[in-house]
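*Asks:* So Swiss-Prot says this about it:
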type	residues	note
BINDING	26, 27, 141	divalent metal cation binding site
DOMAIN	20-250	domain 'RNase H type-2'
């Protein structure tokens, strides 16, 4: 299922800590029709692992909003944090050529490689022959149904290739099983939530942005009815958006037909008056 089936999910191995880097990645906002998807990475040094494991960090969904904010500040102030914000228009553009899993994979590898570039400054661009010195463990919440294939895809795009020292552990629910991934999930969730709050100041109450959210549904329906288009923060490639656009297209077609009939009727009336005259 992963590169190291003997890894204890409750407590990552802390042996040889001084020569180890632990990296966790997760996303927030994969499914919403409104707003961005955020990919986050948290990196800790091996010598900090024991203290990190003692922290009350769980999957972001298991913390209250206030607690997530507290943990967010603690994590970014004590550990290496990186993130990628993919706005709706960026997601739509990428969806023209690749699917959502590949978009997520692309963002994961971009963040991981940003770490590797710093850890191995002498790497050669597009080279796969380097050997890493420290042991690097990368934990990822897998978005693909095939965890092993997902891990291999990530590995194939890394700028450092070392089977002995770089381990990729990609699993479903990794955000529940590994604190380092839980930390990344908190970072991603808080950043997305803050973006949604920014949008509300511009667009009014938009809800959570998820298609199942009644407030989001009402907001989108009203916006499209009024403006005959989707807001900039909407993912136009989502089925929810496509259905709303289809309704507008159908309504525009009906309106054009009505206008055409009205014009035709007016012409006929004018012709009738001329004949009578």
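Backbone N, Cα and C define each Cβ position, glycine as well.
Are these features on the surface or tucked inside, and what touches them?
*Replies:* Proximity of residue 26 (divalent metal cation binding site) to non-local residues of its own chain (separation of 6 or more, Cβ distance below 8 Å) is seen for 39, 40, 140, 141, 174, 175, 181, 182, 184, 185, 188, given in sequence order.
Averaged across the domain 'RNase H type-2' (20-250), the predicted model reaches a pLDDT of 91.
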*Asks:* Identify all same-chain residues not among 26, 27, 141 whose C-beta atom falls within 8 angstroms of the centroid of the divalent metal cation site's C-beta atoms; report them in sequence order.
*Replies:* 25, 28, 39, 40, 140, 143, 174, 175, 181, 184, 185, 188
*Asks:* Where does residue 27 (divalent metal cation binding site) sit by DSSP, helix, strand or coil?
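*Replies:* Going by the DSSP assignment, residue 27 (divalent metal cation binding site) falls within a strand, counted as strand.
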